[in-house]
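First up is the structure itself, then whatever we jot down about it.
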Ligand SMILES: NC(=O)N[C@@H](CC(=O)O)C(=O)O
Ligand SMILES: [Zn+2]
Ligand SMILES: [Zn+2]
């Protein structure tokens, strides 16, 4: 713990966010743009963003939703399918439309129905990406229903990721939203071409949060939160100062009614208080001095992009989080709803 009351850091970026589309997009973009200079925007729309033209059009729609006077750059990603071609990805990368490509194992998570059924189907595209230095972003869970849901990330490392990294060591890979000590060990031991994002929720909650006094759909996201030992490993990794770990909120808004349902959607909306949420973790770990590297430096270095020059502050002021945000097109229960966070973000 520390008695520090003001923290000034380089403006951060969010290296994994779901901005959706249409009315929902227009109401959630301002939250991300208020905190972050850039964001890696996930392509799991329906239909998914698979072509350069669709990526460019999506970027324009996002930019049109950024409030006047706010400086925010969306970085678009391509959604990989069994039919993805290296040439199309490379064209998007060369034109500055695609910053990376995203691998969703088919049916692993929300909006992954068109995802990849077998990584062998996209090996030529991945080889092409490795040659041009285009990062591959991975939702790392097996989809085999015989594998326990809490083991799906660890089994993905065993069955798929270790092999991919061995076969294509030059491929730059971001293992997205890691949730296990197994993932931390894998990333720590891997080459510098392998990095990982960590969400605020996986630093704050373990799997008990989903069952506290009853079923808690707002604590449900994928990959699902794991045991306490895994949360502690993630906290250690995020606050270690290692350049392999960086901020990716995985903010994923779903309407309250879609979460509070007999078959509730996976995804936690954390964009409105993302930096406040991360700051709480870093303070609790006595590592506020490591927050800037995690939030503002390690990501751009991995993506080979310039660091942001402007600065922001976090002030130690109690910040209540609303129970519900009534937005245009969606009513969302935000992460930390009803709690008071100890920091306030100022751009
Ligand atoms: N994280 C989630 O639980 N949901 C994400 C998809 C994803 O990132 O896996 C979504 O799009 O809703
Ligand atoms: Zn995911
Ligand atoms: Zn996501």
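Glycine too: its Cβ is placed from the backbone N, Cα and C atoms.
Where the annotation comes from TrEMBL, it is an automatic prediction and has not been curated.
Note that the coordinates shown come from a computational prediction; the quantities given were computed from them, not determined experimentally.
What TrEMBL says about this one:
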- 14-305: domain 'Amidohydrolase-related' (DOMAIN)
- 16, 18, 102, 250: Zn(2+) 1 binding site (BINDING)
- 18, 19, 20, 44, 139, 222, 254, 266: substrate binding site (BINDING)
- 102, 139, 177: Zn(2+) 2 binding site (BINDING)
- 102: N6-carboxylysine (MOD_RES)
- 250: active site (ACT_SITE)
**Message:** Give me the sequence-ordered set of same-chain residues, not including 16, 18, 102, 250, with a C-beta within 8 angstroms of the centroid of the Zn(2+) 1 site's C-beta atoms.
**Reply:** 17, 40, 41, 42, 44, 137, 139, 176, 177, 248, 252
**Complete:** Across the binding-site residues (102, 139), the Cβ with the fewest other Cβ atoms inside 10 Å is that of 139
**Asked** Which of the binding-site residues 16, 18, 20, 44, 139 have a Cβ less than 6 Å from any atom of ligand 2?
**Response** 139
**Message:** To the nearest Å, how far is the Cα of residue 20 (substrate binding site) from the Cα of residue 250 (Zn(2+) 1 binding site)?
**Reply:** 12
**Prompt:** For the binding-site residues 16, 19, 20, 102, 266, which sit with their CB under 6 angstroms from an atom of ligand 1?
**Reply:** 266
**Message:** I need the neighbours of the Zn(2+) 2 site defined by 102, 139, 177. Which other residues of that chain put their C-beta within 8 angstroms of the C-beta centroid, in sequence order?
**Reply:** 16, 42, 103, 104, 109, 137, 138, 140, 176, 250
**Fill in**
residue 222 (substrate binding site) to residue 250 (Zn(2+) 1 binding site), Cα to Cα, whole Å, comes out at 10
**Request:** Using a Cβ cut-off of under 6 Å to any atom of ligand 3, determine which of the binding-site residues 19, 20, 44, 222, 250, 254 qualify.
**Result:** 250
**Item:** Rounded Cα-Cα span from residue 19 (substrate binding site) to residue 250 (Zn(2+) 1 binding site), Å
**Value:** 10
**Message:** Between the Cα atoms of residue 102 (Zn(2+) 1 binding site) and residue 19 (substrate binding site), what distance do you get, rounded to the nearest Å?
**Reply:** 15
